[in-house]
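Pulled from TrEMBL:
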type     : residues  : note
COILED   : 847-879   : coiled coil
COMPBIAS : 435-458   : compositional bias 'Acidic residues'
COMPBIAS : 459-470   : compositional bias 'Basic and acidic residues'
COMPBIAS : 703-712   : compositional bias 'Polar residues'
COMPBIAS : 713-729   : compositional bias 'Basic and acidic residues'
COMPBIAS : 730-742   : compositional bias 'Acidic residues'
COMPBIAS : 746-756   : compositional bias 'Polar residues'
COMPBIAS : 822-834   : compositional bias 'Basic residues'
COMPBIAS : 1029-1039 : compositional bias 'Low complexity'
DOMAIN   : 546-659   : domain 'NFACT RNA-binding'
DOMAIN   : 914-1022  : domain 'NFACT protein C-terminal'
REGION   : 435-470   : region 'Disordered'
REGION   : 688-841   : region 'Disordered'
REGION   : 1027-1052 : region 'Disordered'
């Protein structure tokens, strides 16, 4: 069985990984074992993960694997250097079995070695080793590798380039093989390789770009005899040309494989017994054993009747299927072995209990038989007792009594014949051999006719009966101090005590068996947790799972952004005509949209859906932590835009809302964590979405209307605004983003503006108003004059000119420039000018250098230049930002105009397949029905009112428990309930009980991946009767209030 990559496999894998991973960023790195690692790459709408088995394999995988609880030191180092780094290149190093990953344009380089013991090496851009999986010393004849050394690439196979395939190169390769073969013969040793492999191995040593399997394949295609020796080929030019064509065929195969983005892969599998019988049923892969894999279909296996080729589209999929199948079989065998061991322990305990009970029953039966035998042979027992008691009464020695009995037995004394030696006189007991009741008459007749000892025929019959008696007689201990009847009573008493002991043993052993079974089951569960879970395919997330989402009780899809970027995405891509925008004037409130039916966008949104969407917007805000129920509001899609008033700028995630808002009742701070199941298309017909129809029976408000009658008593309406064009910032941003928001028009003195924006207007400072005025419209600014005054020369020669220019309007106004010159300064300046009038610039500089004044001037000049450069840079950046804001506003205005026209005309630009993607959520149901084909289980967190028809759900309230711990607790309860008796319906017919497929999908969840579904950080879990709201508990409480999710509070 193939276990590691060849050079061709490395080349094809590197080619496919380059097409799949370049431009993706490293999401995280995990340990799977001491030598196997998992790296996750991600970007929006594209997630990939690769498995690296050091020295063996590296490929993309579609299966989820259990990771280590804590990273190793090596993985921690990789995370520190590579996390969030972008992959810029994936390539093979020459033709060697090494793959190089480059991150951030070569800032970090990761090398994966697939030869010898393998290694994973992280270097910087200068190839200095930063971390490596195993340290390599020079003792093994390998290149030394440790942290701090330089990773060498020059000695790798064909690192400088692959030499061209020529006839001279082929001749040199064969000549080297012939020389090595002659050296081996001179040494007097037998050649290790067969003649059939000599040519192939000779080519593999010198022409390294072609692996031996590919050379064999090309020889089969060209019909070249691979059993020829290198010397024979070297001496024959025709054979040499034929071999050259074979290598050219191998080169063509490689070029064909690497010419496409995804190469086909082939798995060579061996047939098991029974493969031909199940070939028609479609389950034939269970009867195949994977043996080999290649990026081409090897010709040498086509003639093998026991081999089967399995073709895959993509070599990564081929390798993933090959190794994951083997890995899955190993995991299943380990789990089965643990289960079998537990079953053997339980069976041994049961057998031990049965053995003890059987022994007590045998004791009862034997005591009863002995008592019956005593009653049947009372007279003979009495005679034996009297005889022994008489000898004891004569004061005969106990040893002599035994000898006497033995002598009488040889004389065929009938009394002595029923006494078994040795005697137990020290216990006042003798052992008798008695027949049971059915044989008692024969024994008595023998005893009565015992006086005719001389008859030869009678003696013969006695001998025959004597030979048969030992097989049938019972060995019974007799107490010499009591009568035979009393001895029989003793045996009956022993039988009754044994029966009582059996009853007590049965009770105690049953309890002990249950306790032992529980202990073994606990040990099994603990062992199964230590074992890795069976491989399961990674579920591909649906398009809306990146948002906070749920399906309302009326069947509408509700989406909420988790941050400002997602708010922008919701607005630009998913807010269409007929949709509703829901928000709340609370810090941190989410921007929520309700997706209407694409085919009838003018259909009304029911009030219950609006209320549930408002609850989600409020619970995602600071109201959850403060436990204060607040009101949300909703507007139509055409009331929301990104176009800001002149001079204002809307940050990312903020929008303008024009027109009136429709306020909803205060939201209840109550969420639910549950499971929705994705069913097949055939099963969708059984589920009817309770959506509002277009026949006029709707109760909810019309999306196209904004009158107060649309929401009746369930909504309160804000007073109508005449020119309400204020910015509505998204509260997910920081407070500084809110302070940058433009204020409402101060000339608009209507009371409705003050009521809506009173808190926002109070927060605006005077500096912000000045900032908006400066950026908004061109006004007269006094700053340039001040700057001009500050930039006037300060030399003494120019002071009179600057001080003499003053208009009447400036008199009495304090100057912002330099102070007027002091008295006498002007005359002093004239004297200095007269003294140094003959001094030129060169003499002045020399004098300043002599007295040390030049250094100060140079420093002042440098500071002035630096200050001017800083001011120029600040001015440039300010102008650049202003131009960028202006350009963004122009683009936004253009996009908003296009969007407005499209909304008015009712047109939407949908990409190919997007319309089908928008309706994919209709295959999600909260409670599967009988006969449904369940494909996936998807976690969801929604307002509690939207989860009335969910089979699996748990109630969440504001609390102090972290959401990760809460989700683990809920999943643990659900999984624990799967082992309870009667809670799993194996037939999958009772919709109120758990189904095996549901249990399988729930066990495949990882709490770490499910936790992000909950949009809040701290919760309190509420469950019914201590259970996690399972279907079985729901069936028991079906007459209660709302099923499994409601009930008693869980105390903390």
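Quick reminder: no glycine exception, Cβ is built from N, Cα and C everywhere.
No curator has checked TrEMBL annotations; they are predicted automatically.
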- DSSP residue counts for the domain 'NFACT protein C-terminal' (914-1022), split into helix, strand and coil: 43 helix, 29 strand, 37 coil
- Query: In the compositional bias 'Basic residues' (822-834), how many residues does DSSP call helix, how many strand, and how many coil?
  - Reply: 10 helix, 0 strand, 3 coil
- Message: As a quick check of your reading of DSSP, tell me how many residues in the domain 'NFACT RNA-binding' (546-659) are helical, how many are strand and how many are coil.
- Response: 32 helix, 26 strand, 56 coil
- How does the model score the coiled coil (847-879) in terms of mean pLDDT? 84
